[in-house]
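Participant: Structure incoming, see below.
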Amino acid sequence: MASFLRILGIETSCDETAAAIVERQDDGTAIVRSDVVLSQLDEHSAYGGVVPEIAARAHVEALDTLIDEALKRANVSLADVDAIAATSGPGLIGGLLVGLMTGKAISKATGKPLYAINHLEGHALTARLTDGLAFPYLMLLVSGGHTQLILVRGVGQYERWGTTIDDALGEAFDKTAKLLGLPYPGGPAVEAAAKKGNPDRFDLPRPLVGETRLDFSFSGLKTAVRLAATTIAPVSEQDIADICASFQKAVSRTLKDRIGRGLQRFKSEFPKTAEKPALVVAGGVAANLELRRTLQELCDLNGFRFIAPPLSLCTDNAVMIAWAGLERMATGAAPDGLDVQPRSRWPLDQKAETLLGHGKRGAKA
């Protein structure tokens, strides 16, 4: 009998098409046999953001080829995989349909079970793949579509402690870049400009700092950036750098307050964890070095491990989707039927209060 489970992962929730082959050993460790990702950056850059119809068509054109490439790199065939895991939400509905329907077709043709995976669960469980992290732990998800602080108790057991009430952090970066005439994607552009700027020139707001609830807000910060740029227009290259540096400083101070309160709550609820408590960061914004420095310092101050998976596993990828499927299989969870439907909105915490917050992919929960 095989001492491992092998799964094909498929990810098409936004503007990356991805496929991967991942194995889970009996001892819970993972082996990534292949990881193939095709970015649609060139297709969307002219529009300053992701265009859903263009994204869906690009997934249709690329996915079959990427799955073949993932199998080839892993030196396996579909007959050698034990199951298929495909993202079924949240995200852009057109892209989700492409990936999930492909997963269904493979499941039907091969008789292999299908697992419809929540994209956010993929992010939530990635640290167990990379670092063998034990439950429970905290995760900060920061991307173009999400800003959430989540308690991860176990596979399928998630509590949302905080979320954005308006813009997601990645969206705030992108909109700030657009306001200042910087290229898409905005996150890297703002970070690069900030390195040449004075973070103390503009006193930008730090939304919700001091409040006991753990939610986030970035819409007002984005508005303050616009007002600052308008006041000194026309802006020079140095002005742009100073605004970006001031923006990043405001974001860092905001996160320091919000996450710091979350770490204290975790310690009060779990005073005797077997291992050193951990904060995991995931999502494309996790690539920002200033953000990482802030979170590392915060964790050091509070006695937490800070875990930031490799960038390739922070942004959208199929490895995390495959791994989430393997984690579910290991718990004995039943596969999904072929009648499972994609969901543009699918909160991890089904009991959490619905808020008005939304990012690029629509309201989140």
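Cβ coordinates come from backbone N, Cα and C, glycine included.
Quick caveat, the model's predicted, so the values are computed rather than measured.
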Participant: Which one, Asn288, Asn302, Asn317, is listed by Swiss-Prot in the same substrate site as Leu141, Val142, Ser143, Gly144, Gly145, Asp174, Gly187?
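Facilitator: The one candidate that Swiss-Prot places in that substrate site: Asn288.
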Participant: Going by the Fe cation site in Swiss-Prot, where His119, His123 are listed, which of the candidates Asp316, Asp336, Asp339 is also part of it?
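Facilitator: Within the candidate list, Swiss-Prot flags Asp316.
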Participant: To the nearest Å, how far is the Cα of Asp174 (substrate binding site) from the Cα of Asp316 (Fe cation binding site)?
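Facilitator: Cα to Cα, Asp174 (substrate binding site) and Asp316 (Fe cation binding site) are separated by 17 Å.
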Participant: For the binding-site residues Leu141, Val142, work out the Cβ neighbour count at 10 Å and name the residue with the minimum.
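Facilitator: So among Leu141, Val142, the binding-site residues given, the one with the fewest Cβ atoms within 10 Å is Leu141.
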Participant: Can you tell me the CA-to-CA distance separating His119 (Fe cation binding site) and Gly187 (substrate binding site), as a whole number of Å?
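Facilitator: Approximately 21 Å lies between the Cα of His119 (Fe cation binding site) and that of Gly187 (substrate binding site).
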